[in-house]
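Step one of this worksheet: look at the structure below.
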Amino acid sequence: MRLPVLGKDTVRMRDPEGLQDKITRIQRGGQEKLQIISDFDMTLSRFSRNGERCPTCYNIIDNSNIISDEGRKKLKCLFDIYYPLEIDPKKSIEEKYPLMVEWWSKAHDLFYEQRIQKDRLAQVVKEPQATLRDGYDLFFNNLYQREIPLFIFSAGIGDVLEEIIRQAGVFHPNTKVVSNYMDFDDNGILTGFKGDLIHTYNKNSSVLKDTEYFKEISHRTNILLLGDTLGDLTMADGVSTVENIIKIGFLNDKVEELTEQFLQSYDIVLLRDETLDVVNGILQFVTAKN
């Protein structure tokens, strides 16, 4: 029996029968064996609303009044140069990798110049009304109530990401975030970023220093992986034993050019779908017996 939610017109599947088999096996394993690994920007957060692009964690800072007009122009220039390269279907991940390092590094350098103040971040997040996808409350609350761990692996800004979820009222103890976190001095002024740089195409075990997380939940061998780029496909690399994994890709941009490429790697591809309906539908089904 196919789940009704998989009949949405935004849904594309590489192998519908194989997918249904995976869903059934995950359901049989029960919620005690399940974990969720997800990207944040444009995966848990919306790509657009009413035809307007929604901001990423970086965009929220870029467009805020804590950045000078000159700084904003420079950051917009970086976006205009590097974003088309990030999603270029003709470039390989190997070609994109150094370009993403350049982009993130240049953006971070511009942030340092702005002397960003820690105590202004909460207000900055409120201003653009950064939006989580429709159905976010059911998603976060259902996982929390069923004690299913949610691992958010983001190339965005951890401080901003956490504030968005917190202000939405769904930041629960079952949520673990690995991202680029700001480092502030004793006066609350940005001096750098902590740890290794995380960008779109190195979201794998190479930057996962805190492997204790996956050791603690090593019995959770069934995974739902949520992403919006081909770089997100490696987010489960830190999991030592995987029995079943369902990869769900949100394809937001260059849909016609990238659909086939996404279908080669993701089990489910969602075309311009601003909801978490499919994810929630699968979660409700696989946890129904529990």
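Just so you know, glycine gets a Cβ as well, placed from its N, Cα and C.
DSSP gives Asp41 (Mg(2+) binding site) a coil state; it is part of no helix or strand. The number of other Cβ atoms within 10 Å of the Cβ belonging to Asp41 (Mg(2+) binding site), over all protein chains shown, comes to 27. If you look up Swiss-Prot, you'll see Asp39, Asp41, Asp228 marked as Mg(2+) binding site, on the strength of similarity to another entry.
Positions annotated as active site, nucleophile by Swiss-Prot: Asp39.
Under the heading active site, proton donor, Swiss-Prot lists Asp41, citing similarity to another entry as support.
Cβ neighbours of Glu86 (CMP binding site) (same chain, under 8 Å, six or more residues apart in sequence): Lys96, Leu99, Met100, Trp103, Thr200, Thr229. The CMP binding site feature in Swiss-Prot is assigned to Glu86.
Residues or ranges marked as N(7)-methyl-GMP binding site by Swiss-Prot: Glu86.
Following the DSSP three-state reduction, the secondary structure of Lys203 (substrate binding site) is coil. Here Lys203 (substrate binding site) comes close to Asp39, Phe153, Ala155, Gly231, Asp232, Thr234, Met235: these same-chain residues lie at least six apart in sequence, with C-beta atoms under 8 angstroms from its C-beta. What Swiss-Prot records for Ser154, Ala155, Lys203 is substrate binding site.
Within the same chain, the residues at least 6 positions away from Asp228 (Mg(2+) binding site) whose Cβ sits under 8 Å from its Cβ are Asp39, Asp41, Met42, Thr43, Phe47, Gly249, Phe250, Leu251, Asn252, listed in sequence order.
All protein chains considered, the CB of Ala155 (substrate binding site) has 26 other CB atoms within 10 Å. The number of other Cβ atoms within 10 Å of the Cβ belonging to Ser154 (substrate binding site), over all protein chains shown, comes to 26.
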